[in-house]
Amino acid sequence: MKVTVIGAGNVGATVAECVARQDVAKEVVMVDIKDGMPQGKALDMRESSPIHGFDTRVTGTNDYGPTEDSDVCIITAGLPRSPGMSRDDLLAKNTEIVGGVTEQFVEGSPDSTIIVVANPLDVMTYVAYEASGFPTNRVMGMAGVLDTGRFRSFIAEELDVSVRDVQALLMGGHGDTMVPLPRYTTVGGIPVPQLIDDARIEEIVERTKGAGGEIVDLMGTSAWYAPGAAAAEMTEAILKDNKRILPCAAYCDGEYGLDDLFIGVPVKLGAGGVEEVIEVDLDADEKAQLKTSAGHVHSNLDDLQRLRDEGKIG
């Protein structure tokens, strides 16, 4: 099996290393426009393979020929918002990047599954879906696994328990409007509201929503370890056909009353990509929060269409 990672920056390289160390794929190919960057990082990873004990071959390239016949592609390419850059400028630029790399990749791998990591996540997943021409089950975004991981980490810290015993569910868009669901969160099978009072749970929820920004404030750049690990977990579920139940940005066509958008929902993830969108019962407040989150995603999609109509995106 072959996995392609587009973008050899911090997130892309971390994804590549995590997938290689899983030893599930025969080959991991990193693609980047910067000459020497993917080749050097790939060589470094190969030299670590005897120490970590994996046989996956990691290679780097500046063109898409070596990516042919990939089973999974993780798109990490994209720009962060820089000082002076408007939100429209960022959306336009990343749409061009994600759309362009998707078109180049799918020429040689028409039967692959695509995982999008680039931001704004929910919109970029839609862009990749359009550019690929793939069915909706073979395009998804990585957000829920990351955000849920952060939520689980904070709960484990609060209770001083192993993260392995914390299971959680989080839905909605990737950002401030995400919807953590404490009543679907358990520690060793015990519902977390029985272990943590409501006020403290709400504080943990708010920290989860701002977790990405917390890291940016500390380092001056965005996270890469947790996003890389999250994308690798999704990749493993697909390659192994594990039928994992994970929250992903998946296409909704009536599920949860949502239509024509990619948004975080629990899915069954296996060899067929998103094999099922799982609908759980939501109370009135949770439904309202999810509707608000979906409205934010639709607003971003409207902005995307406006920029296209204005000729700012090719």
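For all residues, glycine too, the Cβ spot is worked out from N, Cα and C.
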Subject >> Given Swiss-Prot lists Gly7, Ala8, Gly9, Asn10, Val11, Gly12, Asp32, Val117, Ala118, Asn119 for NAD(+), the same-site residue among Asn94, Asn242 >> reply: Asn94
**OP:** Find the one among the binding-site residues Gly7, Gly9, Asp32, Asn119, Arg150 whose C-alpha lies closest to that of His174 (active site, proton acceptor).
**Re:** Asn119
Original post:
Which of Arg87, Arg150, His174 has the fewest nearby Cβ atoms, counting only those within 10 Å, among these recorded positions?
Top reply: Arg87
Original post:
DSSP three-state call for Gly9 (NAD(+) binding site): helix, strand or coil?
Top reply: coil
**OP:** Could you state the whole-number distance in Å separating the C-alpha atoms of Val117 (NAD(+) binding site) and Arg87 (substrate binding site)?
**Re:** 18
**OP:** Measuring CB to CB from Asp32 (NAD(+) binding site), give everything in the same chain under 8 Å that is also at least six residues away in sequence.
**Re:** Ile6, Gly7, Ala8, Gly9, Gly12, Pro38, Gly60, Asn62, Ala77
**OP:** Could you say whether, by DSSP, Arg87 (substrate binding site) belongs to a helix, a strand or a coil region?
**Re:** helix
